[in-house]
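Listed in TrEMBL for this protein:
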- 45-78: repeat 'TPR' (REPEAT)
- 197-230: repeat 'TPR' (REPEAT)
- 231-264: repeat 'TPR' (REPEAT)
- 265-298: repeat 'TPR' (REPEAT)
- 299-332: repeat 'TPR' (REPEAT)
- 333-366: repeat 'TPR' (REPEAT)
- 367-400: repeat 'TPR' (REPEAT)
- 401-434: repeat 'TPR' (REPEAT)
- 435-468: repeat 'TPR' (REPEAT)
- 469-502: repeat 'TPR' (REPEAT)
- 503-536: repeat 'TPR' (REPEAT)
- 571-604: repeat 'TPR' (REPEAT)
- 645-837: domain 'O-GlcNAc transferase C-terminal' (DOMAIN)
- 858-1019: domain 'O-GlcNAc transferase C-terminal' (DOMAIN)
Amino acid sequence: MNADATVETQLDTQLALALKAHQAGHLEEAEDLYVAILQAQPYHAIANHNMGLLAGQVGQFRAGLPYLHKALSVNPDEGQFWLSLADGLLKAGERDEALDIIDTAIGRGLNNEQAQTLRARIAAAIAAAPTADECQHVVELYQAARYAEMETATRALIARYPTSDFAWSVLGTVLQAQGKDALDVLQTTVQLTPYDAEAHCNLANAWQARGEHAQAVQSYQQALQFNPAFAEAHSNLGGALLALGSLAEAEDAYLQAIALRPEYGMAHFNLGNTRKARGDLDGAVAAYNAALTSMPGDAEVFCNLGNALQGLERNEEAADSYRRALALEPRLVMAHSNLGAALQNLEQYTQAEESYRTALSLAPRQADLWNGLGNSLQSQQRLDAAADAYRQALAVQPDYSQAQSNLGGVLVSLGEFDAAIASYRLALKLQPDSADAHTQLGLGLQSVGELDEALALHQRAVQLAPDKLQTYTCLGHCLKQMRRFEEAQVAYRQALTLAPDVANLYNDLAIAVQDAGDYPEAIRIYQQALELDPRSSLIHCNLSVAFEDSGQSEQALAYLLRARDIAPDSSRVHFTMGNCLRSLKRYDEALASYARSLEIQDDFIGSHLNTCATYSEMGRTEDAVQACRTALAKYPEYDEVYSNMLFGLSHMHADDPAAMVADHFGFGERYETPLRAAWQPHANDRDPQRQLKIGLVSGDFCNHAVAHFITPLLEELVAMPQFSLYAYYNNSRVDNVTMRLAQLLPNWLPVTHLSQEKLAERIRADGIDILIDLSGHTARNCLMAFARKPAPIQMSWIGYPLTTGLQAMDYYLSDRHFSPPETFASHFTEKLIFLPTIAPFLPSENADGILPAPVLKNKYLTFGSFNRPNKLNRQTIARWAKVLRAIPDARMLLAAMPAPGPDSGLTAWFAEEGISADRLIFEPRANMANFLAMHHRVDMCLDTAPYGGGTTTFHGLWMGVPTLTVAGPTAPSRAGTSILRHVQLDEFIARDDEEFVSKAQYMAANPMLLGAYRFSTRHRLTQTALGQPKLIAEGLANSLRLAWQRWCEDLPPVSFDAPLDSQLPGEMAA
C-alpha cells in the first residue's frame, strides 16, 4: 500500500468517527475530527459540508457559509451541497443570494420537491422583508439623525412586514438613539433571529442600560455563543461583569476583546478601569496608555490614567495627565478636582486650592469639591477658612461623613474641642460601622482626656477592622496615655503582625516598654527600629532617653550625636541633647543645646523651662530667673515658665521681699483673672457634719520629700471615717513610694494625660469638697486647675513655702514658726491655718545610732552641708567663708554633689573668698544609708540661704548634727528657723551674718557643749509635734472640718490655729 492510500484510509476512518459523533450530537468532538481532516486535506468536500452544517446547528450561520461554499466548489454535482448552501444563506439573512443559488440548482436539474419547497421558503422570506429602497430610506434617516421620522418609517415597515427582523432591529436602534425603552422591541428581534449575535448583543445593551446586569451577561454570552469573534460583545460583557463586581471575569472579557481587536481603545480603557478596581494600578496604567494610542483625544482616559498614577503616588505624572485632560476638555470638573488632589499630595497647597476653586466655579453644589478645598486650606494652616469649606460641603450634603470628620479635625486644631467631638459624633452616626469614624472620635476624646470612652471606641474600631493597622496603633496610643503599658504593648505587637517592617511601630512599642520600666527591652526594640530606619532622628532621640533613664548617659549622648548629624535643624534633637548633657553635668554645653533648640523653634517651651532649670542647678539663680523673664516677654501665656521664675526667686536673696510677693501675686493676676468669669457655683451638699471628699493634687507622690512628710498624716486620715481621700497624681514616675501610696489611698487617679481644664472638670465631677495642692510653684504643679476653682474649698500645703498667688486658693497650711502671722500674713493670697507643725518628720529606717562629735577626736571643727547643689549660691558660699575664715582650722564637708571629686565652680567661689580647696571635702550623692552615715563626720551643718534646708535639717538633727541658720525675711529662708524653734534650739538661730559667725565661733570654742547637743537632738525631735504625726493629723482633720463648716455657713475664709480635740470649739485667730 502506497503512502497516499494510507492517508486516504486514515481520513476515511476519521470521517466515519466524525459522522458518528455528529449524528450522536457530540458536536465538539465532531468539530475536532472535521478540523483534523481539513488540516490534512483542506478541500475535503464532505468535511467542509458537514462543518458548515455543524456551524448552523449552533446558530453560527455566517461562520458556516465559507465551508458550504468550498464544499460546493469542490463537488458541484452533489445536489445536497446546493440545497445546504441555499438554506445556510437564507438563515444567515442573505435571501437574494439564497434565491440565486436555489434557482441555479434547479436550472442544473435539481428540480425535486425538496428544492421547490426550499425555493418557496426563500421567496416567502423575500416577500416578508422590506425592499432595498425601503431599507435605504431608513438608513438615510439614521445617517441624518432624523430619529423621530426614522421611528415613524420603521413602524410603518413593521406594519407592512411584521416578521421583518431588519425592521424590528432598526426600530430598537432608533428607540435607543432617542433614549426610549427598546427592550421589548429588541426581545422581538431576538425571537425573529434567535441565532443573530448582533441581535443578542443589542438586547444585552438594553438590559445593561436598565441596570439588569445579570440579564445583560446572559445575552452577551448568547451573542458570543453564535459569534465568538464578536469583539464588541466581549467588551460589553466585561462592562456587565464589572458592574456585578465579577472583576476577574470582567478583565478576561476585555482581554478577549483586545485579542480580537488590538486597537480597540474602549476595551483597553475599560480594562484599565477593571484593573484599577482590582487594585492592579500598574496594570491599569498600562491599559490606559494602550487606550490612548487609539483614543488620544479622549479626556476621560487621561483623567482615569491620572487617578491610577495618583494611587501609585506618582503624583507629578498624575498631575500632568489631568492637565492633558483639561487641555482637551477645560470644563471637565473631575479633572480639576483630581488635579487638586494630586497637587495636595505634592504639598503644592495653594495650587491645589486654585484647582478646587476652579472646579467649584463649574460645580458649586458638589460636596466633595468643598471637602477637597477644605483639605488644601487646612494644609495652609488657614483653619477658619478650612472649617468654612467643610461646613459648605455639609450644607450641600448633610450626610457627608468624611467632611464631618474633617471638620472635627480642624476644630481640634482650633482648640474648639467640644465642637470637634460633636462633629466626630455626627460622622460616626452617619457611618456607625466605620472603623475610621470610631477611630477619629476616639482621637478627639483623647485630646480632651476622655480616655475611657476613647478606649471603648478604639476597641470597637479593632472589632470592625481587625486587619487595619491604624486601629491597633490608635488603641495602643490610647492605652499608653492611660498608663496601661502592658496592654498598649499587646496592641502595638498586633500592629507589627500586620506591618512587620514599619520602624515607627517598633518605636511606639519601645516607648510603651520603656514607660513600663523595662529599659533593656526598650533599648533592644529601639535598635530594631533603627535597623529598619537608620536615618530616623526621632528613634535615635528616644533610644538615647532609654539609655539615660537606665543610667547610661554616655551611650545616650552617642546616639544623640548621630541624631544631630541626621537632623541638625531639629529643635527636639537639640532639646533632648541638652537634657542629656545636663544629666552629665556638662551645663555649659547643655545651655548651648537649649539655645540652639530655641534658635530653631523659639516657642519650644521645654527648652525655655530647662534653660531655667540648668541655670538653677548651676547655682546661677539670677540667670535662671532672667531666662524666665526673657521667655515670658515673648510668650506671656507660658504659666509653667512663670512658675519656674517664682521658684527661682524663692532661691534668691530678697532685698525687697515685697517685690517677690508682688511677683507671686502677679501669677494670679495674669493667669487666673481671665478664668474667674467662668467660675461656677458648687453644688456640694452643705451638711457641716457629713463625710468629706478630700482631694490631694501633686506631682511628688514618689520618692520625694513631700511624700515622706505627708505619708504618716495620710495614714492617719485614711483611718478616719469622716474623710474619703482622692489622690490626683501628675507624674509618670512610679516607684516604691508611689505604689505604697496608691495602695494606701482609696481613690488613686493618675492625671498626666489630662489638660488642666479637664483635670478641673474631673475634680468637680468627683464632687471634691476640699482640694489640697502639694506642689505650689514646683515642677508638675496643677495650679491652673486650681485657678478654675473646681472645689468649694482649696488649700496649698508643704510643696512650696510661698503663696500660690491665686484668689481661688482659700488657705495655706503652715505653722506659727514657719509663717509668723505678724510678718507673713500679707505675703499670701491665702488665709493661714497654723497646724501644730507644718508636717511631721519620718526618720529613715537606714539611720543608725549617734556617734560622738568628730571634733572631740579631730581637735578641729567640721562643718557640713547636705543640701541640693542648686541651693549653694554665691551669697551662701560667702556667708560660709566668713565662718571658715573666723575658724582657720575648721573644714567643711559638702555632700550630695552631682559627681565625685571637687566641684570646680564651688571651689572657685570658695577661693574667691580666701578658702583653699584643701579645707573642703566633696562627697557625691549617695544612697540613704551612706548619706546619713556621712553625718558622723560632721559636727555642725551650715544652712543655705535664702532657701534654707528642710529635710536635710531634719536628717541632721536625727543624726545628732544641729544646723546653724539665719532667720531670713521670707518663708523659704525660715525653714531652718522653724525646725530649730520646734526643738527649742534657738541658740543655733542667728539674726544676721555677724551673729552667724559668732555662734559658730562659740561652738568651736565649746566642743563639749556641741557634743552634748549631739546626743539630745533625736530626743528633742520625738518629743515635739514634729515627731507626733497623730497630733498633727488631729489638728489637720479639725482644720478641714472647721474650714468646711465655715463654707456651709457661707462665711469667708479666715486665718486660724488648728484646734486640737481638747480645744474644740476653737477660736479664730486674727
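Cβ atoms are placed via backbone N, Cα and C, with glycine included.
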Q. Roughly where does the domain 'O-GlcNAc transferase C-terminal' (645-837) sit in mean pLDDT, to the nearest integer?
A. 94
Q. Same chain, outside the repeat 'TPR' (197-230) by at least 6, Cβ under 8 Å from its Cβ: which residues?
A. 58-60, 62-63, 165, 169, 172-173, 176, 181-183, 186-187, 189-190, 236-237, 239-241, 243-244, 260
Q | For the repeat 'TPR' (469-502), residues assigned helix / strand / coil by DSSP | A | 27 helix, 0 strand, 7 coil
(Q) Please list the DSSP helix, strand and coil residue counts for the repeat 'TPR' (503-536). (A) 27 helix, 0 strand, 7 coil
Q) Same-chain Cβ contacts of the repeat 'TPR' (367-400) under 8 Å, 6 or more residues past its ends? A) 333, 337, 340-341, 343-344, 347, 349-350, 352-353, 356-357, 359-360, 406-407, 409-411, 413-414, 430
**Q.** Chain residues outside the repeat 'TPR' (231-264) and at least six past its termini with a C-beta under 8 angstroms from it
**A.** 197, 200-201, 204-205, 207-208, 211, 213-214, 216-217, 220-221, 223-224, 270-271, 273-275, 277-278, 290, 293-294
Q | Three-state composition of the repeat 'TPR' (333-366), taking helix and strand from DSSP | A | 27 helix, 0 strand, 7 coil
Q: Kindly report the helix/strand/coil residue split of the repeat 'TPR' (197-230) according to DSSP, in that order.
A: 27 helix, 0 strand, 7 coil
